[in-house]
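Engineer: Pasting a structure here, questions to come.
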């Protein structure tokens with residue numbers, strides 16, 4: 001509908017150097033041996049490269065086959081001899097040859113990359129080299145003319161005619177010599193090595209960008225200093241130099257003079273007789289006047305940054321003098337359009353202002369002229385993608401290193417603070433401001449408000465320098481030159497300011513359509529764009545902002561539909577590009593590399609997803625950490641009353657199992673005459689534990705508390721015993737463990753409890769009578785009354801991370817008589833103090849004949865009770881977020897969700913008519929026309945074209961005709 005040339009169309013028909021280098025690398029990697037790799041390099045690309053006078057340096061042309069080995073050329077000329085060379089190779093020789101082929105491919109890839117960068121530097125420094133060559137020719141001609149004039153003046157009148165004829169013939173000879181010298185230098189450069197050509201191109205590229213080198217040196221100088229002395233340097237760059245087309249000679253003279261003065265001032269204040277250099281007290285304060293001004297003492301008076309800045313300024317001045325730009329004013333070098341604009345601006349001002357206003361205008365004339373020229377730039381460049389990237393990197397730096405930008409959080413880690421559900425207010429404010437700046441920048445870009453961008457740029461430059469060099473050091477109590485994160489943040493911000501200045505100077509593009517990744521159609525841009533689509537809410541934010549800040553007749557729903565269609569068309573266009581670039585023959589089976597490479601990888605991925613929970617819990621147990629108890633409390637109660645026995649085991653009473661004890665336990669299980677299934681169950685339980693996971697708990701037999709009971713409670717217990725009521729005896733235990741990490745606090749319980757209850761029935765007459773006698777106080781001091789409670793203490797317990805301890809069923813079956821211990825208890829009193837009424841309970845396992853007792857247990861001593869605790873390992877903090885759900889939880893959350901998502905992706909039958917379009921060129925141009933008429937304010941045509949697009953998607957027959965490939 002509209003005839004225009006877009007960047008996308010140029011990229012479609014033109015294969016740039018990056019694409020050529022990429023294809024060469026792909027062909028080299030896909031080659032089977034070094035001969036095929038060399039042949040792949042010499043093979044021309046499948047898509048013909050159009051000749052362009054603006055591109056003189058192409059990787060294919062610069063890659064000279066003469067630099068390859070001679071055997072390579074011979075092999076290519078005689079391909080029939082290759083099988084004879086490769087047939088008799090032994091396996092070892094074949095592996096050595098494959099290794100050599102790999103190194104050869106790496107060398108070829110390095111050569112391709114070196115040639116690409118050489119051509120890139122040559123292309124970007126071509127203007128500088130052409131001007132230098134032309135100036136050299138002009139200087140040589142001037143020198144020849146001067147010599148000719150000198151010889152003419154010295155010649156005699158008699159031989160004037162003869163000499164003139166000879167000298168006239170000598171002038172072209174000298175010119176031919178100069179041209180021959182240039183040609184010889186060029187041919188000599190082409191015959192030199194790749195490394196030399198790369199260094200030569202890099203040198204000329206740096207010389208052609210000497211202005212940017214000076215700007216970089218100024219920023220680096222301020223990075224290392226961060227003081228008032230160096231702050232005028234970056235401010236002069238972003239507030240004047242980069243906003244103008246070319247800084248004048250006065251600017252560079254001012255910068256050179258100021259740099260020399262700054263170095264002298266720094267050197268003068270290095271002597272120790274100044275008060276602030278005598279001590280280092282004020283040196284630690286970042287807001288002290290000495291540190292703010294930048295006159296503090298340093299080890300080296302003249303830093304490398306100062307010398308580098310001065311050297312770059314002198315080199316740039318010499319380059320300007322060599323090119324004849326040092327004395328020329330920028331106004332004389334501007335284009336005719338700029339001159340006409342300046343003249344028309346002056347005429348408008350002179351005609352509309354009075355004489356009094358002219359006097360006021362004279363002071364602000366340069367600034368007003370600059371603002372009026374913002375919309376009159378001849379060349380427009382879109383750098384919004386670079387601006388967004390710099391802001392995004394700065395946001396990442398703030399998130400990762402917040403402790404160096406705000407108040408010191410606990411642990412100096414904002415991630416740990418967020419895990420504790422605590423978000424610092426300063427951290428939130430910084431992120432919101434950063435996000436707001438991105439939104440404002442996007443709004444100015446969409447509205448193409450260059451003047452608004454100018455004021456926004458000035459505000460950011462001044463605000464950032466005030467906050468970063470005068471406010472932030474007071475918050476963090478750290479000098480800027482010692483704050484590494486702030487230096488990196490400022491470095492990316494300076495890159496942002498450079499691009500922002502370029503955008504202000506050149507203006508915004510007239511047509512803004514699509515994402516910056518949509519300007520080329522290849523695998524790299526397609527993958528990057530798909531990653532961009534996967535970022536949550538990023539596409540939605542961009543789409544809604546575009547609709548808000550763009551003049552359009554479409555509603556929000558229609559705008560969302562248009563953006564969705566545009567995104568799908570781009571992906572389809574990339575797919576069609578890949579099909580044309582790498583076509584597949586019809587009726588030919590797919591290669592095994594594709595089937596077993598791509599298909600096999602997907603099959604392995606699906607199998608891993610299905611068995612992931614089982615594999616994860618099976619192999620992750622080897623990374624688990626031991627979680628032994630640190631304290632065990634035991635109580636014995638008779639009925640629901642006060643305990644008669646209380647003891648705590650800590651430190652030396654919790655003895656670790658040894659490998660010998662574990663081996664003896666396994667041998668003991670093997671020697672027992674038990675059913676094989678019972679033995680296998682016991683072995684299976686022990687398989688999950690190492691010797692350091694088992695602890696022996698040794699409890700002192702004497703209670704730590706003096707036993708005391710009130711008379712009403714005593715009478716109640718005695719009445720219960722005499723009435724033949726069942727009286728429970730409870731053996732309760734509390735196990736305490738330390739949490740290894742705060743992150744797995746939800747997976748490990750610090751305290752777990754359990755108990756074992758034995759009932760005293762009416763048949764236990766001996767126990768009842770002994771308790772009645774003890775409670776009634778009829779015990780003689782010379783007679784000890786003891787009674788035994790059977791199966792009261794469990795000797796083996798399984799301690800889990802979160803649940804209460806459980807009895808080990810496998811050990812119950814393998815040790816039916818030894819699993820519980822019988823406790824003999826009695827009341828004891830002191831015999832050394834007369835008339836003492838203090839009594840206490842004593843317990844004993846004496847009389848139990850266990851078949852297995854480890855060396856760490858003190859139960860052989862009458863003064864101790866012992867238990868064995870088998871403690872489960874706990875997962876580390878880095879994988880605890882998966883282990884806390886368990887196997888069933890992972891299957892119901894992770895595996896099922898991934899399966900449903902994968903099923904949704906694979907069910908493409910309903911979208912075949914929209915995604916299997918043979919040719920999307922017409923649809924693509926229709927979408928581009930919609931953007932074009934919108935940019936030109938033709939909103940009615942925009943609605944009509946969008947209605948046409950909707951009609952195409954509603955009419956399958958029309959869509960088939962519209963996407964039909966063009967006939968050849």
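Each position is counted from 1, following the chain as shown.
Just so it is clear, glycine is given a Cβ too, placed from its N, Cα and C backbone atoms.
Pulled these from TrEMBL:
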DOMAIN    207-327  domain 'Piezo transmembrane helical unit'
TRANSMEM  226-243  transmembrane segment
TRANSMEM  250-269  transmembrane segment
DOMAIN    381-618  domain 'Piezo THU9 and anchor'
TRANSMEM  383-405  transmembrane segment
TRANSMEM  425-445  transmembrane segment
TRANSMEM  454-475  transmembrane segment
TRANSMEM  487-506  transmembrane segment
TRANSMEM  596-617  transmembrane segment
DOMAIN    669-965  domain 'Piezo non-specific cation channel cap'
TRANSMEM  882-902  transmembrane segment
Engineer: Near the transmembrane segment (596-617), which same-chain residues lie under 8 Å Cβ to Cβ, leaving out any that are not at least 6 residues past its ends?
Structural biologist: 882-883, 887, 890-891, 894-895, 898-899
Engineer: Taking contact to mean 3 or more CB pairs closer than 8 A (sequence separation of 6 or more), are the transmembrane segment (487-506) and the transmembrane segment (425-445) in contact?
Structural biologist: no
Engineer: Are there residues at least 6 beyond the ends of the transmembrane segment (383-405) whose Cβ is under 8 Å from a Cβ of it, and what are they?
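Structural biologist: Non-local partners: 412-414, 424, 427, 430-431, 434-435, 437-438, 441-442, 445, 472, 476, 478, 483-486, 488-489, 492-493, 495-496, 499-500, 502-503, 516.
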Engineer: Go ahead and report the DSSP secondary structure tallies for the domain 'Piezo transmembrane helical unit' (207-327): helix first, then strand, then coil.
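Structural biologist: Grouping H, G, I as helix and E, B as strand yields 80 helix, 0 strand, 41 coil.
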Engineer: Give, as a single whole number between 0 and 100, the mean pLDDT over the domain 'Piezo THU9 and anchor' (381-618).
Structural biologist: 87
